[in-house]
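Student: Found this in TrEMBL, in case it helps:
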type: TRANSMEM; residues: B:20-39; note: transmembrane segment
type: TRANSMEM; residues: B:45-63; note: transmembrane segment
type: TRANSMEM; residues: B:75-96; note: transmembrane segment
type: TRANSMEM; residues: B:108-126; note: transmembrane segment
type: TRANSMEM; residues: B:146-165; note: transmembrane segment
type: TRANSMEM; residues: B:180-200; note: transmembrane segment
type: TRANSMEM; residues: B:221-240; note: transmembrane segment
type: TRANSMEM; residues: B:252-272; note: transmembrane segment
Amino acid sequence: MSDMTASEQQKPPKTPALEWIASSIGAIFAVGLISFLTWDIFVAAEPADVSAQPGVIEQASQGYTLGIVVQNTGGLTAAEVEVEGRVTTVDGTEETSQATFDYLPGKSERRGTLMFQTEPDPAQLRLRVVSYREP
Amino acid sequence: MINRHNSEYARELARAAGGCILFAFPLQMTMEMWWLGFFMERERLLIFMIVGFALLLGLSYYSGFARDQPLKDDILDAFSAFGLGVIISAIMLLIFNVLATEHSLREIIGKVALQSIPAGMGAILARKQLGVADEGEERQRRIDSYAGELFAMTGGAIFIAFNVAPTDEISLISHLMTPWHSVILCLISLLLLHALVYGVELAGQAQWPEGHGFLSVFFRFSLAGYGVAVAVSLYILWSFGRLDGTGWNEIAAMLAVLAFPASIGAATARLVI
């Protein structure tokens with residue numbers, strides 16, 4: 001019996017339960033992140049695919065605002081996404097307005113606003129993505 | 001009894017969390033880090049996570065003492081530091097509204113993953129730095145071996161270089177400098193490294209024999225340290241995609257720039273590890 005207590009005293013102090021909990025949480029994060037990144041490499045590496053959708057038209061203190069949503073349904077990031085809106089007014093004149101989005105990550109959307117002097121007619125509105133580059 | 005251990009460990013965790021915030025906030029407030037979180041190549045991010053985790057393990061091991069119970073506690077420490085790194089990075093990025101619910105999972109995970117490694121390093125270093133210096137002062141530290149020294153230099157170089165590596169200023173400065181500026185910066189890095197090795201590494205090293213002459217220290221530590229600094233810089237620049245489509249003269253200039261903070265990190269590693 002005395003031998004047993006002697007050998008037990010030689011043992012390192014017991015690891016506190018909280019240490020196990022904290023380490024397990026860290027281990028779960030590590031496994032989760034690495035698994036996701038691995039999955040992402042094989043599944044989600046398609047090129048960027050960018051489109052723009054018009055939103056609500058509202059009157060502002062100067063002119064009219066058109067909310068826009070740019071979407072990237074591809075996997076890779078698009079940088080400096082340039083969107084152009086073009087409206088034709090009743091008297092036949094055209095007005096254009098541009099917005100640039102610094103970064104549009106894959107599977108993401110970003111919001112912005114185009115401004116016009118005349119009230120855009122939704123039926124006459126053309127919205128297109130002009131260009132973007134790889135980051 | 002168990003409660004006492006738990007409360008001690010809770011204090012240690014709180015200390016680690018404090019260090020995590022202290023060391024990681026500059027990177028959490030750097031926009032290039034957020035961008036790299038989504039546009040960095042996923043293969044490189046995955047490699048970075050694995051390298052970073054090995055670094056956390058190594059830091060945990062080498063900042064301990066030679067006669068401590070090996071490995072189990074070091075591994076547990078590395079995991080808990082990483083967990084803290086993830087949680088604190090996520091909280092800070094959420095508060096800064098850099099993470100939002102409308103972002104894709106890939107963007108959120110990329111941003112947090114990239115921050116978690118430097119934050120985890122902060123957690124480990126804080127646990128050792130801010131901890132109570134007990135009777136361990138007299139014990140042989142694992143870091144005192146040459147392998148430990150080289151590892152510490154690597155860790156220090158990564159830790160310091162990482163704070164500026166993601167910024168655009170690295171390539172901007174390399175554009176501003178002429179080749180002559182680069183050469184001078186390399187020499188300054190090396191000189192500074194050597195001076196710091198003398199001042200920091202060799203100070204109070206009783207167990208090192210007196211016979212370390214200038215050349216021995218210069219080759220074994222200063223030159224080796226600069227080699228480590230350049231290798232670390234090259235790896236980080238590659239990870240961040242700075243080398244893609246870049247000419248050799250440009251790469252050399254960026255290496256000279258980034259190796260400067262990396263050298264300082266390598267030379268002062270002993271102060272933080």
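These residue numbers are counts, starting from 1, taken along the chain as shown.
Here the Cβ of each residue, glycine as well, is placed from N, Cα and C on the backbone.
Where the annotation comes from TrEMBL, it is an automatic prediction and has not been curated.
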Student: I'm a bit unsure how to read this: which one of B:20-39, B:75-96, B:146-165, B:221-240, B:252-272 has the highest number of Cβ pairs shorter than 8 Å with the transmembrane segment (B:180-200)?
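Tutor: It is B:252-272 that shares the most Cβ pairs under 8 Å with the transmembrane segment (B:180-200).
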Student: Against the transmembrane segment (B:75-96), which of these stretches has the most C-beta pairs under 8 Å: B:45-63, B:221-240, B:252-272?
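Tutor: So the stretch in question is B:45-63.
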Student: Quickly jot the same-chain residues contacting the transmembrane segment (B:252-272) by Cβ under 8 Å, restricted to those at least six beyond its ends, or write none.
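Tutor: Same-chain contacts beyond the ends: 125, 129, 143, 152-161, 163-165, 170-171, 173-175, 177, 179, 182-183, 185-186, 188-190, 192-193, 196-197, 200-201, 225-226, 228-230, 232-234, 236-237, 242, 246.
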Student: Any residues 6+ beyond the ends of the transmembrane segment (B:146-165) with a Cβ under 8 Å from its own?
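Tutor: Long-range Cβ neighbours of the transmembrane segment (B:146-165): 23, 26-27, 55, 58-59, 62, 118, 121, 125, 201, 220-221, 224-225, 228-229, 232-233, 236-237, 240, 258-259, 261-270, 272-273.
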Student: Six or more residues beyond either end and a Cβ under 8 Å away: which residues meet both conditions relative to the transmembrane segment (B:20-39)?
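Tutor: Cβ under 8 Å, 6 or more out: 81, 84-85, 88-89, 92-93, 96, 98, 106-107, 110-115, 118-123, 125-126, 159, 162-163, 166-168, 240-241.
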Student: Take the transmembrane segment (B:45-63) and find every residue of the same chain, 6 or more past its ends, with a Cβ under 8 Å from one of its Cβ atoms.
Tutor: 71, 74-75, 77-78, 81-82, 110, 113-114, 116-117, 120-121, 124-125, 128, 141-143, 148, 151-152, 154-155, 158, 235, 239, 273
